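Listed in Swiss-Prot:
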| type | residues | note |
| --- | --- | --- |
| COMPBIAS | 662-673 | compositional bias 'Acidic residues' |
| COMPBIAS | 674-686 | compositional bias 'Polar residues' |
| COMPBIAS | 687-697 | compositional bias 'Low complexity' |
| CARBOHYD | Asn355 | N-linked glycosylation site |
| MOD_RES | Ser35 | phosphoserine |
| REGION | 660-699 | region 'Disordered' |
| TRANSMEM | 61-81 | transmembrane segment |
| TRANSMEM | 98-118 | transmembrane segment |
| TRANSMEM | 185-205 | transmembrane segment |
| TRANSMEM | 219-239 | transmembrane segment |
| TRANSMEM | 248-268 | transmembrane segment |
| TRANSMEM | 298-318 | transmembrane segment |
| TRANSMEM | 328-348 | transmembrane segment |
| TRANSMEM | 368-388 | transmembrane segment |
| TRANSMEM | 420-440 | transmembrane segment |
| TRANSMEM | 452-472 | transmembrane segment |
| TRANSMEM | 477-497 | transmembrane segment |
| TRANSMEM | 502-522 | transmembrane segment |
Amino acid sequence: MDGEEHQIDGDEVNNHENKLNEKKKSWGKLYRPDSFIIEAGQTPTNTGRRSLMSWRTTMSLAFQSLGVVYGDIGTSPLYVYASTFTDGINDKDDVVGVLSLIIYTITLVALLKYVFIVLQANDNGEGGTFALYSLICRYAKMGLIPNQEPEDVELSNYTLELPTTQLRRAHMIKEKLENSKFAKIILFLVTIMGTSMVIGDGILTPSISVLSAVSGIKSLGQNTVVGVSVAILIVLFAFQRFGTDKVGFSFAPIILVWFTFLIGIGLFNLFKHDITVLKALNPLYIIYYFRRTGRQGWISLGGVFLCITGTEAMFADLGHFSVRAVQISFSCVAYPALVTIYCGQAAYLTKHTYNVSNTFYDSIPDPLYWPTFVVAVAASIIASQAMISGAFSVISQSLRMGCFPRVKVVHTSAKYEGQVYIPEINYLLMLACIAVTLAFRTTEKIGHAYGIAVVTVMVITTLMVTLIMLVIWKTNIVWIAIFLVVFGSIEMLYLSSVMYKFTSGGYLPLTITVVLMAMMAIWQYVHVLKYRYELREKISRENAIQMATSPDVNRVPGIGLFYTELVNGITPLFSHYISNLSSVHSVFVLISIKTLPVNRVTSSERFFFRYVGPKDSGMFRCVVRYGYKEDIEEPDEFERHFVYYLKEFIHHEHFMSGGGGEVDETDKEEEPNAETTVVPSSNYVPSSGRIGSAHSSSSDKIRSGRVVQVQSVEDQTELVEKAREKGMVYLMGETEITAEKESSLFKKFIVNHAYNFLKKNCREGDKALAIPRSKLLKVGMTYEL
């Protein structure tokens, strides 16, 4: 390179690609490379935290999952038959027909669909509606904010498959999705609908589970049952702050005992009353049931469906555990226990058709009644944990994707990533659960609402997994059709039945969903408008350099981090800042925090630098990339990493330019075309103290408020180190968002009132970014959107 900085343009890269691999003709279409795609730092392979998980850890997580995931589906036997036969049992054969429905619903939906298919659609070990959404966004540009960069696909956690001739169908669908704004909006709305329904489950599950268990004490009046239930709910939500791992280890033994009781009680009733109910294993009895009951049988499906409530928690809570752990615990413990207890209850009902309203407790052998009752109450409390944990997970994911107002997310386990607790949401859920319990008072009414929420999430999951099969897995079209037709038909049949009870309580989850969707949609809508405004009003690089190097602008010692959401271009806030303060730090960095559709980013891939102006200007751009499951580091740790990788970037650029001791004058007037991801030669990152070595010659680099021309890489890194010793200042825009005067009344209401109300009542941006208040300087500006 002879001491010259090597400039890379798009044509050179395209020619280089063609020479490297003529066969991969679809590469350009899939990745749309620009001039950064070849020179972007190649990252080490990351096989993911789940792949190397030991057998002991897997079994430990499987045990924990009993206490978090299966409480909901495990306590369904408390109320399924009572919710199905609301008008009593007219024919003993109806019991066999319903049992057959229950067995095949659990087998097909819970075991086959979720345990063996849906769990495979995880995002590097994370589950839930937003995990599916992020997975789709990673393979197709379906995000509503246009901040994707080609270098993002170089992250090890993207794990994209290289183009092959087998990708034609997937590529065609991907192209259509990327070019359709309507498809992007629909996918987003479906995603936040599923997320809202999961949060709604977190409200309804505790209410119905606790009420159903406490009602087992026949001597208690309804008012007392409701009062005791409310007290239990308060204790449950107060316990959440201790974290999922502690909750899991505390609750898992109880659920294990509960499942043991279910198996024992089920076998007891089978052998004592009527073992012939096992003929329900023949699916023909489902057909016979509908022939006899007709419309009433269809209505009863709303009660049958309750046997799989909580199934979605297996996927939503996946980030707390692992795929293998959930598969083991469900297949070996939960599934056999559930099938056994439902068979035993059916055997009891064939002899005691009049006891359907309290089937579970009446079928318990007398010596086991009180021990079972105590465990049932404990299990019902634990049942609530599944959807509470799921609600925390999906809110955390949606927050990192910019689709939820800022709230505090606490990671409760240093050992298991993905275990989170959100204080504000926890107490809001508690208040909502108490309100539902006091308003509905019985499990029958809550059950009507509960079914709608659960089955809607399942339908959404089926549709999104079908899309993943088409675009990502590239599954044979026959298997895709079978998956969609079989599970889609089952779930739509159940949905039609539960919607029949809309006026009897079914309106509640839809009301909750509408409110949450409106909140998330408003937040995302204004967030996109704000981003597009900054993109439209951004200032050019030349103007920014001219402003910063103007004789009227002083360069003060230190590092200034100017936060902007733009990953390309310079925010108009920069011009506003310069015109008002007339000073720029000796090392000035335009920094963007970007959340990618992966669950985590390794530290060596996190910082993405480039020069804004000439190399002696001390001006840089930095994109700091996080996964949607990560929190921003503490300030001291962030500053150490930032300075370390900034100096690595300077060394890298020096090496790429040929290692010359001086920078050619012509290069100082041009912005290099290539952004560079810093990949240090080792994984070492200093944990404390100074980073790098400082030379005495740097003492004169900053004089009289001006920057002296830097000639060597040592001088540049020394300047950065000296600036760090002077301290970092965090500069943030304090923008006031208003709608344009000519905007419609609806837009004015959304922007001026709804969004600003949410903004005032959520966490401030500097708190979300973990910025120390003592180092914060805010720049006020009004945006008219």
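One-based numbering along the chain as shown.
Glycine too: its Cβ is placed from the backbone N, Cα and C atoms.
Below 8 A, the CB atoms of the transmembrane segment (452-472) and the transmembrane segment (185-205) form 3+ pairs separated by six or more positions in the chain. Under the criterion of 3 or more C-beta pairs below 8 Å, with sequence separation of 6 or more, the transmembrane segment (248-268) and the transmembrane segment (61-81) qualify as touching.
Between the transmembrane segment (185-205) and the stretches 61-81, 219-239, 328-348, 368-388, 420-440, the greatest number of Cβ pairs separated by less than 8 Å involves 368-388.
Take the transmembrane segment (61-81) and the stretches 98-118, 368-388, 420-440: counting Cβ pairs under 8 Å, 368-388 has the most. Neighbour list (the residue listed as 'N-linked glycosylation site', Cβ cut-off 8 Å, at least 6 residues apart, same chain): Tyr348, Leu349, Asp362, Ser363. Long-range contacts of the transmembrane segment (420-440) within the same chain: residues 199, 202-204, 206-207, 210-211, 226, 229-230, 233-234, 237, 240-241, 243-244, 384, 388, 391-393, 395-396, 407-412, 446, 449, 505, 508, 512, each at least 6 residues beyond the stretch ends and with a Cβ under 8 Å from a Cβ of the stretch. With a cut-off of 8 Å between Cβ atoms, the residues of this chain six or more beyond the transmembrane segment (219-239) that come close are 206-207, 210-211, 247, 377, 381, 384-385, 388, 426-427, 429-430, 433-434, 437-438, 441-442. In three-state terms derived from DSSP, Asn355 (N-linked glycosylation site) belongs to a helical segment.
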